[in-house]
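Student: I have a structure I would like to understand better, so I am pasting it below and will then ask my questions one at a time.
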Amino acid sequence: MATRAAAGAAVTGAAVVALLSAGFALYGPPLDAVLERAFWLNKAHSIKDMETTFQLVRNIIPPLTTKKHKGQDGRIGVVGGCQEYTGAPYFAAISALKVGADLSHVFCTREAAPVIKSYSPELIVHPVLDSPNAVQDVGKWLPRLHALVVGPGLGRDHVLLSTVKGILEVSRARDVPVIIDADGLWLIAQQPALIQGYQKAVLTPNHMEFSRLSEAVLGDPVDSSDPQEAVLRLSQALGNVTVVRKGERDVISDGKQVLECSQEGSSRRCGGQGDLLSGSLGVLVHWALLAGPEKTNGFSPLLVAAFGACSLTRQCSRQAFQKHGRSTTTTDMIAEVGPAFTSLFET
Ligand SMILES: NC(=O)C1=CN([C@@H]2O[C@H](COP(=O)(O)OP(=O)(O)OC[C@H]3O[C@@H](n4cnc5c(N)ncnc54)[C@H](OP(=O)(O)O)[C@@H]3O)[C@@H](O)[C@H]2O)[C@@H](O)CC1
Ligand SMILES: Nc1ncnc2c1ncn2[C@@H]1O[C@H](COP(=O)(O)OP(=O)(O)OP(=O)(O)O)[C@@H](O)[C@H]1O
Ligand SMILES: [Mg+2]
């Protein structure tokens, strides 16, 4: 893990490119200087405006054709769901399907399974997470999964977290992309080595989860005056793991560049919106990695995927709020995934 001093030095030398709704804005030095540094440091192409970035997301979306078979557009797994929380894994898994995955699996505890199944016949639900062979039970599905979303509704039971540790180790060994959210981030704050340097990991912390992670990894409280630098530093300290810090504006970094998504959302803060984001991101990460850096103009595919998931979640929130106002819930947002996706990426 990078030391605090090393992380600080790296921040100073990194290219910081921030994305705003009106176009890309740059934090720190003037535009030309930062773009020059971007080329100098990592030979990355620079994204110049919002439309260009949306175009990169559009580039990674696989065409709908009659030539494909079931599964090719995504088989996503969600690890989470326990006695207390059944909604969160449902929201994540159904969002993956609504974005365009073909199959969505949930790996949860035995007693959560019938509840989650009853929400939707479209999900494949495995009641294995609290079984004695849980790691093997999930592990045998891994070769058939394109991405794993770890944490929504997982809870913080020690035995379950130790099982999830094993699942993360096997996933990493098999090169399966992982999106870590909610209680999965609780585990990472305790054992950052689990994802240290793993280039196919994306962390999606909310405000609280980001503070917890930063304190655990960097050892000091978050500098709230500079959210972009805080995210950049955390990503660098974790060995360029992609970090998506959710909030009034979503800040995304792979330790080299920083994007900011301020797509208009809504003022409604009902629970479950982050689950919609992490499930969507599971599919977009798969599509982005499949498309490769040629389609993302040299930018990290994971950054482009994260920008896509953030803008989509916020657009769902905006559209649902226009219809339902204060009574908007995450279920209303999920009903907007299709129209929001079309309006952002298919028009
Ligand atoms: N329907 C379901 O099944 C759902 C289940 N879910 C599942 O619940 C589990 C726990 O997840 P979590 O996010 O509630 O846990 P955690 O990190 O302890 O944060 C809670 C604390 O953080 C604080 N806080 C939060 N935001 C803040 C902010 N912007 N600014 C400041 N403070 C802020 C806030 O503090 P408070 O306001 O209470 O003082 C609160 O106490 C996890 O498995 C998740 O997936 C959810 O997905 C929802 C839908
Ligand atoms: N203050 C805000 N203004 C506008 N959008 C926000 C705000 N805070 C969060 N969001 C958006 O809401 C979505 C979920 O972020 P949030 O911080 O609520 O996640 P979370 O706490 O993990 O949610 P969950 O309840 O699913 O666990 C993200 O798309 C984020 O952009
Ligand atoms: Mg959450």
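Cβ atoms here come from the backbone N, Cα and C positions, even for glycine.
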Student: The (6S)-NADPHX site in TrEMBL includes Asn206, His207, Met208, Glu209, Phe210, Ser211, Arg212, Asp275. Which of Gly153, Gly155, Gly325 is also listed there?
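Tutor: Of Gly153, Gly155, Gly325, Gly153 joins Asn206, His207, Met208, Glu209, Phe210, Ser211, Arg212, Asp275 in the (6S)-NADPHX site that TrEMBL records.
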Student: Under 8 Å Cβ to Cβ from Glu209 ((6S)-NADPHX binding site), same chain, six or more residues apart: give me those in sequence order, or none if nothing qualifies.
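Tutor: Glu209 ((6S)-NADPHX binding site) has long-range Cβ partners Ala182, Leu185, Trp186, Ala189.
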Student: Taking Gly153, Asn206, His207, Met208, Glu209, Phe210, Ser211, Arg212, Asp275 as the record's (6S)-NADPHX-binding set, what's the max Cα pairwise distance in Å, rounded to a whole number?
Tutor: 20
Student: Give me the mean pLDDT over the domain 'YjeF C-terminal' (53-344), rounded to a whole number.
Tutor: 97
Student: Please report the distance from the Cα of Gly153 ((6S)-NADPHX binding site) to the Cα of Glu248 (ATP binding site), rounded to the nearest angstrom.
Tutor: 23
Student: Which binding-site residues from the list Ser211, Lys246, Arg268, Cys270, Gly272, Gly274 come close to ligand 3, meaning a Cβ under 6 Å from one of its atoms?
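Tutor: Correct list: Gly274.
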Student: How many whole Å apart are the CA atoms of Asp250 (ATP binding site) and His207 ((6S)-NADPHX binding site)?
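Tutor: Rounded to a whole number, the Cα-Cα distance is 10 Å.
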Student: DSSP on Lys246 (ATP binding site), three-state: which is it?
Tutor: coil
